[in-house]
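These notes are about the structure you will find just below.
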Amino acid sequence: MQRWPVVLFLAWVCFLFFAGIGLFMSGFLLTRIELASSSSCSDPLVPPPWERQSLPPGSCWAPQRFSKAVLVIIDALHFEFARFDPAKTSPLPYENKLGVLHQLATAQPRHARLYRFRADPPTATMQRIKGLTTGSLPTFIDVGSNFASYAIQEDNLLAQLVQNGRRVVFMGDDTWEGLFPKKFFRSYFFPSFNVKDLHTVDDGILQHLYPTVDSGEWDVLIAHFLGVDHCGHKHGPDHPEMAKKLTQMNEMLRSLVDHLGNDTLLLVAGDHGMTETGDHGGDSEKEVNAALFVYSRTPLFGSGPPEEPETIPQVNLVPTVALLLGVPIPYSNIGEVMADMFAGDGDTVSAALQQLSVYHINAKQVDRFLQSYSLVAQDLPAEQLQHLQELFSSAVEEHTQLLTQVQGTMVPPELEPRLGSLISRFQHYLREARAVCTQSWARFHPPRMVGGCILIASSCLLCYMASELAMSSQSFCHSCLLYPLFWGPVGAAVLWLVHVFTQEGLDLLLVSSWAAAVSQLGFFWHWWAWLGLAFPMGILFFRCGAMFSDSFVVAEARVTPFLLASLVMLLVGKLHWDGRLTVPEGPKQQLLGFSSYRREIWYLLCLVAMLLVCVRLSSFFHQCREEIPQCRPSVFLSPLASLRNTRAKNLFYLLCVALLAGLVYAVQSWLRHYGNLNSSGPLVLFVRWGFPLVVLCIACYWAVASSADDSLGKLQELVQVAVVVFPRAVYGLASVGLLLLLCNPMTVFAKDTRESAGSIVTPYLGVPGSEVDFLHVIPQIYKRMQESQKSWLERGSCRATIAAYGLGSVYSAALVIALTLLGFLLMLLHSERLSFAFLLLFVEAFVLLHIHTLTLIALIPVGEPFSVPWYAVISWLLAASQFFYSTGHQPIFPAIHWNAAFVGFHLDHNTNLLPAVLVGANTFASHILFAVGCPLLLLWPFVCEMSNSQRKKLKKESREELQEVEEHMMEMRLRESPEEFSTALLRLGLKYLFVLGAQLLACVCAAMILRRHLMVWKVFAPKFLFESLGFVVSSICLLLGISLVMRVDCAVSSWFSQLQLR
């Protein structure tokens, strides 16, 4: 069998797809250019000389109104959490809990005010911190680094404070440590990633908050609380724990206000909101609708608050705080000052003059940034920049003319209306500038996007061609590698020489993509004459075409199961149309005018009915998208700990444990049925005893996790230990099982028939000492010799001296064991009740394999046994996509199950790799299982050969004997034709990659063509990212599954070699 050529060729094809994905991403998800410039007090943006003379010492650009500021960030503080409605007699757990804000705003209307604080997507914490400190807009791709923060190099509010000698003290979320290293005068960081921990960060802040405020050794104090956000992730907003956490924040704010001085500004802000399920990251109304509360002991506003709170963008906080504290506005800010906070205690005219002054400074700063940015990036439309320049120039000109007519603060009555008009013009300019940046921020690189699409499309074509060529060319596995291995490095070397001579920087991604493209050209140049006909895959093309519709992408959780059911039903209809379901008509049937159906049709119809039931039941486990308001998320997605009904919690727990036990019983029964549990090897012993032990550990973990919040005292400490120990025990046991599977995957019990016949004399105690004893022994000796001679004569030359139990299913047994272990791990990473979805996954996969087997063997006996039809591969991948949604996932960032990162880990991680692996395994669980189990599509018909052949009773005795000899070979038929076996694995892998690649290509083309679509960042870009990651995960797991089959084949060869030495 050709092992390495098959694996290497599939790995090369995966590399081609990876290169195409990387090339397209580099053109589609470019980050905006960050300017290295920074503002300073000496910049020529200061007000006119007559105003500058009034600047107090230590102020830059504008008079300093406050010497100190406290910024309290309550993560995920939705506006509805901060609003207080006295009319509500029975509020929800998240309503009317921050009463101190309402009391301050009511009692001191000129000192306090509540705003709607609108966040810019993506609403992940790190991107919001960047927006709150730089005044700029993070790009879409930044969301990927939310848990791998990088230091902000762009000019920001903290850098300006430190540069101007202000002491900044921080306490809370340790994300700030990575963003602003060595910027704090004093800091108290606490781990932030464990979303199950509601108290560590908040309690740590409260321990240091009041002593720090009272000490006075600070100028700006930032406290970032995480309890509300973590409570939303763990329980959702509508939960008693949310009421407790918001009440704690209310008491904290009440005490904090009492510790503030008259020269201190208090800002209470939420970085983003949260959905009904407690998630965030997208751009839904609930996610972007946060709250901002401003308070000062001295009058801050010129008038009382409006009836409805004003909505302001989050970026507006940066220029406002900078000018209030007397420091320059950060260079890249595009926010607008909150002018009502600059009104002061004077009359209307003096207030308007002060507001006009800060607007003038703000507008000049934004204009300077746009001019600098347009010279570097050149991605802002020239006509819009020209329009903005005209708005700015006209406003500045009028402002200059107005100032020449103003003496000091005395404004002639006829000029007062012009003050309001000029303020409106500056506001219009600043808002237009922000809108232009928002619309044009995504910098696309069309040549790279097109190149990525072409590379992915040609890789799909290569998969199809190679799958057809492998069947017609016996030496294909060897020869197919020669051309890519030669032309790929040659192309990379040529590009490297070009860069050397042109003295340009070498882009590793561009080199890899170029090498992939050149290696493809070498392949196509040699094999072009073998190009086949059009693809007969309408269902697949329909699915790919649906990627271009945002409605279909949003409703894909319902579209995919429909396509799977339709494909199977069309298959049955096609078999009936082709006459495959009926037996040949005899004279009697022809006379009566009807046909009789095969007996297998009823078995097939039962399987189809089971498939439809699984498809229907799987719809009960879906997560909802914000675009479908009438949808309600499945109750099975929430953990058992969220259930308040103890009886229901216990019932669900028992059902989940029974499901695990049933899965172990089913797997062991299947292995025992085919003889794979007869040996005493380490792997078989692990399957017998290790599987129940894994189930026991998972059951114990579910028990302690579902009651962790109810335990008290020392029991609480014990539960915290158990929550970590039991998952790690599962990780360890599963790792041991996989290592045993890799080291010795043989589950075969060999028995020598010459020894198994038993001793000639049956056991008899004692030495024969009488005639009765000899009469017992001698007849047995004669009878056994007679039976042995007769058996030898009947067998003739076909002497079977070794009986091998489980050899006919040795390949499938290894895959079944691996899938079971992976299933245990993946179920551990999901909530308890999603184990029902995994049960449906395994049942549906089992049904699909039997439908494929029955169609290939029983109904189409003339079919090619070493070829897996396209419909089987497509249905297998449709099922993988179906259960992506049926395990509670959606291709959107708020639907990611971040809790999976802390299954077995109570404290924060030291590295981002492990949590990324755990969250990725949780997200792409169905992709992993179906990709690893893909070789079963080839193996399963051979495993089921015995049961199928037993149904076929041939009339002639000689054919019965031949059938009896051949029916037990099963998967050993594959070893009779090692070349065809390796070719079949290669073709199966290529078909799998082709279908995956076709779906990926559709997402890539949709994202490229619709890159200016209204829903591109909401629907198409997340879908492309999830599809790309799913392709990477699936292709790697496909290689692992095929490699496992290769490893078993190697072990089987060694086993046969040892037999020959006996």
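Every residue gets a Cβ built from N, Cα and C, even glycine.
The annotation transmembrane segment is assigned in TrEMBL to 449-469, 481-501, 527-548, 560-577, 601-622, 651-671, 683-706, 718-742, 802-829, 836-862, 913-943, 992-1010 (among others). According to TrEMBL, the feature coiled coil maps to 948-975.
Counting Cβ pairs under 8 Å to the transmembrane segment (913-943), the top-ranked stretch among 651-671, 683-706, 802-829, 992-1010 is 802-829. Contact counts against the transmembrane segment (802-829), taken as Cβ pairs under 8 Å, peak for 718-742 among the stretches 449-469, 560-577, 651-671, 683-706, 718-742. Nonlocal intrachain contacts for the transmembrane segment (560-577), taken as residues 6+ away from its ends with a CB within less than 8 angstroms of a stretch CB, comprise 539, 542-543, 604-605, 608, 611-612, 615, 618-619, 851, 855, 859, 871, 874-875, 878-879, 881-882, 885. When each of the listed stretches 449-469, 651-671, 992-1010 is scored by C-beta pairs under 8 angstroms to the transmembrane segment (683-706), 651-671 comes out highest. Cβ atoms under 8 Å from those of the transmembrane segment (651-671) belong to residues 640, 643, 677, 687-688, 691-692, 695, 698-699, 702-703, 706, 747, 806, 813, 816-817, 820, 823-824, 827, 832-833, 835-836, 839, 842 of the same chain, restricted to positions at least 6 beyond its ends.
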